Amino acid sequence: MKVLVNDRLVERNDATVDVEDRGYQFGDGVYEVVRLYNGKFFTYNEHIDRLYASAAKIDLVIPYSKETLRALLDKLVAENNINTGNVYLQVTRGVQNPRNHVLPDDFPLEGVLTAAAREVPRNERQFIEGGSAITEEDVRWLRCDIKSLNLLGNILAKNKAHQQNALEAILHRGEQVTECSASNVSIIKDGVLWTHAADNLILNGITRQVIIDVAKKNGIPVKEADFTLTDLREADEVFISSTTIEITPITHIDGVQVADGKRGPITAQLHNYFVEEIVRACGELEYAK
C-alpha cells in the first residue's frame with residue numbers, strides 16, 4: 001500500500017511526519033474523505049471546495065492548487081488500484097519548532113499534505129436494515145462547520161454509542177438536535193424531510209447536500225431548521241447520512257423503536273435517488289448478495 005506525503009507516493013511503512021508537526025501536537029489542520037465508486041470519485045469537487053473553505057476559515061494555506069491536488073490523488077488511487085473505497089486526505093499547518101500555541105510572525109509555516117486510499121465495499125445490508133442510535137449532549141466547540149482534525153468530542157460520543165452496540169450518537173445542545181458524531185441526522189415527519197440548518201453547529205455534509213437536492217427535484221418538501229429531541233422521538237422516519245454510510249435508517253433511539261422499526265418509505269425513496277446520482281456520475285454499482 002502506498003500513501004501520499006506532500007507530493008510523493010511512498011510505501012505506508014516508510015511514510016513519516018515530523019514530531020513537531022502542529023497537526024500531531026494540536027490537531028491543527030483540516031481533512032476530507034472522498035468516496036470512490038468504480039474507481040471514480042463521487043462529488044469530488046464539492047469535497048475539495050469544502051477542504052479549501054475549511055482551511056481558509058483557520059487561515060491555513062494549502063500548498064497545492066486544486067488541479068495539482070487532483071493529479072496527486074488520481075495517482076494515489078491508481079497506484080493502490082482502488083475500485084470502491086475511500087480516500088482520506090488531511091492538511092496540517094506544518095512544523096513549528098519549538099512547539100508554541102502562537103504562530104510565528106517571521107515566516108509562514110508550510111502545510112503538510114498526507115493521504116491514503118483504501119478499498120471499502122458498500123454495506124447494502126446496513127442501508128436497508130439500518131441500526132440503532134443513542135442521544136448524547138453535544139459538548140464540541142462552536143465551529144462545527146470547519147472539518148477540523150480536532151475530533152475528541154466526536155470520538156467520545158462515537159465510542160459511547162459503540163459500547164452500547166449502536167451505530168451512532170445523535171448529538172443535541174439542550175433540546176436542540178444538531179448532528180451525529182460522524183454523520184448528519186435527518187427526520188421525516190408528515191412527508192417532510194427535516195434537517196438542521198447548515199450553520200456553525202453542524203458540518204454541512206456533502207451527502208446531506210445531495211439528499212436535499214434530490215428531494216427537492218422529486219417533490220419531497222424540505223425543511224432546513226432546528227428540531228428538538230421530542231421531534232426526533234416522534235418522527236415517522238429517522239436516517240443518518242455521510243460519505244461512507246450513504247443513507248442509513250435509524251430504527252431505534254435510546255432503545256426505543258422508531259415508528260415500525262424498519263426503513264421508512266421516504267428514506268428508501270431518497271436512497272434510490274441518491275444511488276441514481278452515483279450511477280450517473282460513476283456507472284452501475286455492484287450490489288452485495
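The backbone N, Cα and C atoms fix where each Cβ goes, and this holds for glycine too.
According to Swiss-Prot, the features are:
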ACT_SITE  Lys147  active site, proton acceptor
BINDING   Tyr31, Arg99, His101  substrate binding site
BINDING   Arg50, Glu179  pyridoxal 5'-phosphate binding site
MOD_RES   Lys147  N6-(pyridoxal phosphate)lysine
### Max pairwise CA distance, angstrom, over record-listed substrate binders Tyr31, Arg99, His101
22
### Query
Tell me which residues of the chain lie with their Cβ under 8 angstroms from that of Glu179 (pyridoxal 5'-phosphate binding site), as long as they are six or more apart in sequence?
Cys144, Ile170, Leu171, Val185, His196, Leu201, Ile202, Leu203, Gly205
### Summary
Students should find that the Cα atoms of Lys147 (active site, proton acceptor) and Tyr31 (substrate binding site) sit apart, in Å rounded to an integer, by 6
### Summary
In chain order, residues whose C-beta lies under 8 angstroms from the C-beta of Arg99 (substrate binding site), counting only those at least six residues away in the same chain, are Glu20, Gln25
### Query
Which Cβ among the recorded positions (Arg50, His101, Lys147) has the fewest C-beta neighbours inside 10 Å?
His101
### Task
May I ask for the distance between Tyr31 (substrate binding site) and Arg50 (pyridoxal 5'-phosphate binding site), taken between their Cα atoms and rounded to an integer number of Å?
9
## Note on the structure
In three-state DSSP terms, His101 (substrate binding site) is classed as coil
#### Entry: Around the Cβ of Tyr31 (substrate binding site), the count of other Cβ atoms that are within 10 Å
18
